[in-house]
Amino acid sequence: MFEKPVVKTFQYGNHTVTLETGVIARQATAAVMVTMDDTAVFVSVVGKKEAVEGQDFFPLTVNYQERTYAAGKIPGGFFKREGRPSEGETLTARLIDRPIRPLFPDAFKNEVQVIATVVSVNPDVQPDIPTMIGTSAALAISGIPFNGPIGAARVGHIDGQLVLNPSNTELEASKLDLVVAGTESAVLMVESEADNLTEEEMLSAVVFGHDQQQAVIKAINEFKAEVATPAWDWVAPAENTALVTKIAELAEAKLVEAYQITEKMARYDRIHEIAGEVNEVLLAEDPEANTKEIHTIFHDLEKTVVRRSIIAGNPRIDGREKDMVRALDVRTGVLPRTHGSSLFTRGETQALVTATLGTQRDAQIIDELTGERKDHFLLHYNFPPYCVGETGFVGSPKRREIGHGKLAKRGIAAVMPSVDEFPYTVRVVSEITESNGSSSMASVCGTSLALMDAGVPIKSSVAGIAMGLVKEGDDFVVLSDILGDEDHLGDMDFKVAGTNTGITALQMDIKIEGITKEIMQIALNQAQGARKHILSVMDEAISGAREDISEFAPRIHTMKISAEKIKDVIGKGGAVIRALTEETGTTIEIEDDGTIKIAATEGAAAKEAIRRIEEITAEVEVGRIYTGKVARLADFGAFVTVLPGKDGLVHISQIAEKRVEKVSDYLTEGQEVQVKVLEIDRQGRVRLSMKEAVEKPAEEANDASEAKGE
């Protein structure tokens, strides 16, 4: 029934990787099962043979899904099945998409869908690298026009050494978590988080990862040759040279002038006018003219005009030189009731950022295939349509918003205090209120400012900068602080975040081959200068965390009790701690080692909660006098509560100096009395006395003094 499967096994660092095709999903255009040391991912590729007529974009979809059965688990929740993609799945899908998208021919508009399903997971091998390898292999054997294959590698930096594909355990000790993907000759994508590494260390890691992944590319090429799928009979549509020439005649000179308008919306209005004029002329000449084709050629002409001007050394679209950063405006404390806030403006890009402090109970619980963990630092990025002067749908975050938020979080993570140093959950929200390039890096700057404004003791300020590149032949120009148009029309988007001493995050997407180590070095060095300039302006506004947190933020007080006393504070069915929180208006968290964290916006409430917990956990001391409350009467005496949850017996003979016939003649339930602790027996029973707690008459005291010779 089955043809013999094609299997390719190769060594990749310390891991054994196997590629297999020919058994599963035979109706897909291509399908590969990739296994890396018990982590297995099944990748399918389906491409449509025909493009939708008139379609002017490439409809590539990448879906990445983790099945809980891969880790031997059953999903939680009511429905007991996987639902919408998690944030982690969305980020991995973007990680796969970014390096493969530039490798399809520009004119290829056929729909392609990649679906990667994690079907087995080794807790020490993250699925993202094998998924990228499997995607590359599936596309390589599909016959679809694809200028791959690509390789992928994770690089760690442990004890000063670069490590290929470190395990999850090793990553905990690593100063770097970097993923690099590329073809045999070029790096295409970098995604990383670092602990203040230098530019040289980061570049070495990128080059190391690219060198090591050549083993993957070689293996996929051999796998492709063995599968021997015929290439699609696809030819790029012939260019309409007559229309290209006509549009250039009509619009080129006008576009050159339009791109000298420095204000974004005014420039867009003028370009829109020019496009309308071109359409009007061409449709008058030929009412059947293809408006989508006209639009595509017009856009290509825009790209040519801008790139040619930059390569020629002319000022950029907004009049800046290549290494200039736009005008900065930095403000903190802009919102009165938030715990921390900032407004960071760089040219026509602006972020309103808030920081909110919560208790550890507010931490996000993340249920991953490799286990459950808590995240005490949350960063959410919102990109509403008004920030670019448009209308649009407002709802749950899109892939781009999730990706940009994660990048900003990576940039800040290295300077965040540990939970032991700062026992709060911190949530940052970046609202992009204006956008013209690099809003994610504006979010990094705004986050650093808002955290300091909130009193979060971050180790240092962090700033981010986006770099761009225009390359024509051997000529190239590296641009600092790119505009949205420069990002769109350029060859590279290179985002760097860091402190004055090093890099904390690096993200790179390259659209062309031929980006050398030297070009990346120039970009990193230029980014360093821009980053330090931004940091100097930020430090003028606020250079360190405020001494105190906001009056509106919960203040966390920490105390320690014996672990044996935890059950007393919690009470039966949680009754005691529930009463404590409700009556004092505090939030109380108890850890297994007896550490108690009390969060309250008012100091008096926290003090009251601490006092009551101390009472609950206090030990009864022999010889000490307590003010207790009569809990219950008995024929032989009375039970008196001396501490919360701790009763003792006052025997009838210990109620008064004279003989007591009936306990109720002297005591009633609820009455407050002074009692002295006489004894605590081996079973923990407390014996009390009222008569011993009563002060002796003055003459007895004097007799006692004389007896001592006073």
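Note that the numbers count up from 1, one per residue, in the order the chain is shown.
Any Cβ shown, glycine's included, is placed from N, Cα and C.
Swiss-Prot assigns the feature region 'Disordered' to residues 691-710, out of the candidate ranges 71-90, 291-310, 391-410, 691-710. Around D493 (Mg(2+) binding site), taking its Cβ as the centre, 21 other Cβ atoms fall within 10 Å, counting all chains. A sphere of 10 angstroms centred on the C-beta of D487 (Mg(2+) binding site) encloses 19 other C-beta atoms. Mapped onto three states, the DSSP output places D487 (Mg(2+) binding site) in helix.
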